[in-house]
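Presented below is the structure to which this report refers.
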């Protein structure tokens with residue numbers, strides 16, 4: 001790798017420093033407890049606070065407590081797909097091997113959290129709106145995101161040559177990223193049954209601080225949990241690929257010898 | 001190196017093209033993506049009688065009449081978007097969140113420009129979340145009447161605690177004229 | 001106006017899902033680590049030389065502060 005100081009080259013070399021599986025495993029093992037334990041503690045704290053100590057909403061009553069699961073799940077559903085898109089760029093442009101392994105592992109976790117978002121949304125919609133499901137822009141775009149995850153999961157495993165699967169899935173991840181701004185702005189661009197965001201970058205949150213705190217805690221905790229899961233799975237995947245390599249090389253040697 | 005740079009630009013160009021295409025498609029179908037039509041849209045161009053439409057708007061304060069016809073509850077109420085109002089008839093159980101000043105989506109058919117028969121009514125709550133006590137305190141201080149629209153700006157109440165609100169509610173006896181009541185804490189951070 | 005079943009179902013779902021994912025990840029890590037250690041000790045090298053230090057961690061993944 002030449003030391004030409006272009007941004008592309010430098011970005012590449014920065015990421016390739018962690019392409020070495022041994023170095024990644026060592027770093028990952030050290031990082032893992034710092035993700036896992038705060039994730040567990042913060043999630044339990046946030047959800048416990050939300051479930052038992054935060055006040056009920058003036059019009060929704062106790063049903064508002066579903067928010068403490070639903071909103072973090074929704075945020076991570078989008079964030080997980082954004083991570084897939086980043087992995088796709090790293091894979092397509094820099095051919096980064098770890099990005100491919102990470103993409104394989106992000107897919108199922110992201111699909112699970114999207115399913116959780118849809119399910120809790122349904123469970124919230126039935127008592128409040130009066131319906132399990134409507135085809136409004138927000139709900140439909142999140143359902144599309146769920147199917148994008150499912151497509152990614154199957155595509156990346158669909159080929160005998162894993163490299164082709166990585167390539168195809170990366171293209172899908174990038175193309176599907178178009179859905180992310182649609183999800184985000186659907187409640188502003190079109191009228192929907194789903195209410196607009198309570199927490200925005202520009203204005204004061206239209207939520208009492210006694211509900212905002214537990215929501216922030218559970219969001220932080222569940223995000224760390226997502227990261228911890230992806231890291232653990234990617235570490236396992238790196239080890240598994242090493243096992244594959246070890247298993248195939250001596251057997252070939254034996255075959256040659258025999 | 002140049003190959004990587006070229007691949008990067010290729011990826012950027014593809015994503016840009018795809019994004020533009022998606023934006024154009026969404027723009028073109030924008031009127032189909034909206035979940036409901038507003039009363040003023042119904043008033044200006046009434047949809048055909050046999051078409052199911054979703055009518056969204058706010059329930060006009062004082063317009064709700066509930067009665068019972070045999071077993072089924074029957075409700076009549078006006079839905080407005082501020083410019084036009086449509087009268088909605090609905091037979092069935094209204095959702096829990098239904099109230100005057102609440103946004104609702106009525107699914108049904110328009111009999112005329114101002115007359116609508118709903119087969120289903122959904123409540124559409126807004127994005128404000130506050131404890132009951134805070135809502136009561138805001139109502140009592142005269143800053144907000146839920147029957148007439150959304151609450152005041154969030155910064156004026158989102159740091160009010162339940163204890164503050166209880167104090168506000170307990171303190172003055174009956175200050176219907178508003179200046180007597182103490183302003184909620186944190187009105188201007 | 002409590003809707004307890006809906007709330008319980010939401011939290012229950014979250015719990016089940018996170019437990020499943022976490023246990024699956026922990027199990028994968030554990031088996032992968034064990035198999036890797038076995039392979040590196042047994043197959044690659046003739047049995048004698050001491051295993052590499054990274055190949056002998058404790059059984060849980062979170063004990064490396």
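Using the three backbone atoms N, Cα and C, a Cβ is placed for every residue, glycine included.
Bear in mind that TrEMBL entries carry predicted annotations, made automatically and left uncurated.
Here's what TrEMBL has on this protein:
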- B:1-7: topological domain 'Cytoplasmic' (TOPO_DOM)
- B:29-189: topological domain 'Extracellular' (TOPO_DOM)
- B:125, B:129: heme binding site (BINDING)
- B:141-189: region 'Disordered' (REGION)
- B:170-189: compositional bias 'Low complexity' (COMPBIAS)
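The residues of the topological domain 'Cytoplasmic' (B:1-7), classed with DSSP into helix (H, G, I), strand (E, B) and coil, number 6 helix, 0 strand, 1 coil. In this model, the topological domain 'Cytoplasmic' (B:1-7) carries an average pLDDT of 80.
Same-chain residues lying 6+ beyond the ends of the topological domain 'Cytoplasmic' (B:1-7) with a Cβ under 8 Å from its Cβ atoms: none. DSSP assigns residue B:129 (heme binding site) to a strand.
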